[in-house]
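Novice: Please find one structure pasted underneath; my questions will follow.
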Amino acid sequence: MTQFDKQYNSIIKDIINNGISDEEFDVRTKWDSDGTPAHTLSVMSKQMRFDNSEVPILTTKKVAWKTAIKELLWIWQLKSNDVNDLNKMGVHIWDQWKQEDGTIGHAYGFQLGKKNRSLNGEKVDQVDYLLHQLKNNPSSRRHITMLWNPDDLDAMSLTPCVYETQWYVKHGKLHLEVRARSNDMALGNPFNVFQYNVLQRMIAQVTGYELGEYIFNIGDCHVYTRHIDNLKIQMEREQFEAPELWINPEVKDFYNFTIDDFKLINYKHGDKLLFEVAV
C-alpha cells in the first residue's frame, strides 16, 4: 500500500458515506455523453500530505503518468495556452475546451507566462521569478505562484482547478504546498497530485535542494455520481508498492527537461477503469 492509496481511499470513503449532494442545484457541468446534468457528492477541505519517501501515484488503477507530465510541461515550461502545442505532444485532454483561436483563453500557462514580476529592473514571469528567488532569497515567505486572476477569469475556457503553489526552503529542503479549489477525485486528483509532485522534484533538482514535504490541499473535494460504482470497485482492488520516479540528473536548467528525462520504474497497477467525463 502506498501513502497515496491509503489517503485516497480514505477520502473516497468519506465522500461516499458523508458527502453532500448538489442535486438541488442547476449545475454547470454536463455529462459529455448525453448532455444531462453531472451531479456530485462533495466534502469541503481535505488535505493530503506526503513525506516524499515515495512518489505519490495511485496503484489501484493505471494513471497516465506521461500525459500528466506532458501537461505539466505545457503549463509550467512552455507557459502555453495553445491546445495545438499540447496536441503536438500527443495529448488531447484539453480539446473539449479549445476556443476558436485554438487556445483555452487566459488560463493556466497564459497566467504563468505573463511578465508581471519585477526583478533587477526587468519584468519577468512567475516561473522565472520563483526559480530566481528560491536560489537567491530562500528564506522568503513569498514563494507563491497564482493562476487565479480575477481580471482574466471571464476570458478562460475553464477556471483553474489547481490554482496556487507555495514553496518553503528549510534546512536545505524544498517543501511544496499546492491548493486546488476543486478536485474530481476519480479523474483529476490522481493526475494533479502526481504531476505537481513531479514539479517539486524538478525544481528541487535545478535549484539544488533536497526534497522536503509535499502537501496537497483541496477545497471542494467531490465524486461525480456516475463514478461511484467504479470507485467502489477500485477501492477493493489489490494495492501495490510505490514505483520509483527517475529524473535525468544531468538536467540542471528547468527549461531543458523533456518527457524523455522521466521514467517510472516498476509501476505496478490495477487494470484501467473507465470514468465518464463531465464538461
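Just so you know, glycine gets a Cβ as well, placed from its N, Cα and C.
Features from Swiss-Prot:
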- Arg141, Arg142, Arg181, Ser182, Asn183, Asp184, Asn192, His222, Val223, Tyr224: dUMP binding site (BINDING)
- Cys161: active site, nucleophile (ACT_SITE)
- Asp184, Ala278: (6R)-5,10-methylene-5,6,7,8-tetrahydrofolate binding site (BINDING)
Novice: Quick one: what's DSSP say for Asn192 (dUMP binding site), helix, strand or coil?
Specialist: helix
Novice: Rank the recorded positions Cys161, Val223, Ala278 by how many other Cβ atoms lie within 10 Å of each Cβ and give me the one with the fewest.
Specialist: Cys161
Novice: In Å, how long is the longest CA to CA span across Arg141, Arg142, Arg181, Ser182, Asn183, Asp184, Asn192, His222, Val223, Tyr224, which the record gives as the dUMP binders?
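Specialist: For the residues that bind dUMP, the greatest Cα distance is 37 Å.
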Novice: Here are some binding-site residues: Arg141, Arg181. Which one has the most Cβ atoms within 10 Å of its Cβ?
Specialist: Arg181
Novice: Where does Arg181 (dUMP binding site) sit by DSSP, helix, strand or coil?
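Specialist: Strand, per DSSP.
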Novice: Between the recorded positions Arg141, Cys161, Asn192, Val223, which lies closest to Asp184 ((6R)-5,10-methylene-5,6,7,8-tetrahydrofolate binding site), Cα to Cα?
Specialist: Val223
Novice: I'd like to know which of the binding-site residues Arg141, Arg181, Val223, Ala278 sit within 10 A of the residue listed as 'active site, nucleophile' at the Cα level.
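Specialist: Checking each Cα against the residue listed as 'active site, nucleophile', the hits are Arg181.
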